[in-house]
C-alpha cells in the first residue's frame, strides 16, 4: 500500500508538470519577425482580507441566528447558576475546566499512537484532578473549616486533611510521574514526552485563571459577575458592530475582526460597565463575601464602595436635561477601569487563541457550543479578564492592613482545637495581667 501511494504521488507530480509545460507552450505565440512573444494569462487575484469580513459573508444571517439561539441558552443558564449561589458557580467553573481540558488534550492527540499506549490518556486526567485538588484545596480550606467549626468531630477530620493537603497532592503527582516513566515505550518516546509537556502547559493555563476566578467568586459574586459580563457584552457588541458596519480589518490573526467592531464594542463596554455596576452593587447576595461553603442567604454591611452617593452634574449640562444630580456607587468608578481593560486588553486573549488555532490549522477548539465552537473558544478572553479582576481587587479594593479576622483565619487554619483553647486561655491571662497593671498604675 505504501509503495502504491509513492508511485501514485510521483505520477501525479509528473502529470502536473506536463500540464504546466503544455500551458506555457500554448501561451507562446510566434510573431511574423521570427521572434517569440509570451502572452501571460491574467492571474486570479488573491482573495483579500475584506472577503472574510462578516459584512460580506453570504451566510451571516443564518450564522447569526445560530449564535443568538446558543447565546440565549448560555446567558439564561448563567443567570440561573448565579442565582443559586457561590457553590453552584464554582461547580460551573469546574465543568468548564473539564471541557477545556478535554478540548486541549485532544488537540495533539494521535489515534495511531494512542492505540499502542493503552491507558495513557488516563494519565492526563490523573494530573488534571491532582492539580484540581491542590488548587482548590488551598483556596477553599479556610471556608471548609468555617463550615464545620461547630462540629468538633468533623473539625478534627478537616483540620487533619488540611494539614496533610500539600503532602497528599505531592505524592499523587509523584505517583503520576512514576506511572509516566513506567509507561514509556520504545519508538514512542518523542510522542509521550510531548504529551507530558503539553499536559503540564494545559494545567498551567487552565488552573491559573480558574484559581483567580474562584477567588473572585468567594470575595463576592459581584467581582466574578461584573468582569465576566463585560467580556460577554464586549463580544456581542463587537459582533453586532462588525456585522453591520465592519469594513476595515483589525488584525490578520482574526480576519473577521474589524476596527469598527473593536471601537464600537469598546465604547459600549465602558458605558455598560458603569451602568451594570450600579445595578449589581445594590444586591447583598452579590456583594457580600462568602466565608464558608454553605448555601444560605447572605447579609452584610455593604461598606463604602456599595453605599450610594449624590453626584452633582456639571454646569454645562443642558437645562432641558431632567436630572441635576445622580445617585452613584463608588464602585462604579472602579467598574470603568474594568470596562476599559475588558474592551482594550482582554480581546488580545482572543487574538492569541486565533493565532494558536491557525498554528494547528483548526477553525475551533471544539464543537460543544453551536455557532461558537468549543468551550475554550468562549473562555479565551475570560481567562485574561479573571486574572486582572483578581489583581485589581487585591491591589485597589481590599484593605492591606492586618485585621482581627485575618489573624483568626490563620489561627483556625494552623492550630489544632486543643492549641486554640490553650491560646484562648493564654490571651485571657495576658489581658488580666494588663488590666491588673493598669490598676496599679492608676
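Heads up, the Cβ atoms here are built off N, Cα and C, so glycines get one too.
It should be emphasised that the depicted structure is a prediction, and the values quoted were computed from it without experimental measurement.
According to TrEMBL, the feature transmembrane segment maps to residues 196-215, out of the candidate ranges 36-55, 196-215, 296-315. Listed ranges 102-121, 122-141, 362-381; the one TrEMBL annotates as transmembrane segment is 122-141.
Residues 258-280 are the range that TrEMBL records as transmembrane segment, among 258-280, 396-418.
Among residues of the same chain six or more beyond the transmembrane segment (221-246), those with a C-beta under 8 A of the stretch's C-beta atoms are 53-55, 60, 64, 67, 71, 75, 82, 85-86, 89, 213, 256-258, 260-266, 268-269, 272-273, 276-277, 280-281, 285-287, 331, 335, 338-339, 342-343, 346-347, 381-382, 385-386, 388-390, 393, 397. Proximity of distant same-chain residues to the transmembrane segment (196-215), defined by a Cβ-Cβ separation under 8 Å and at least 6 residues beyond the stretch ends, is recorded for 90, 93, 96-97, 100-101, 104-105, 107-108, 123-124, 127-128, 131-132, 135-136, 139-140, 180, 224, 382-384, 386-387, 389-391.
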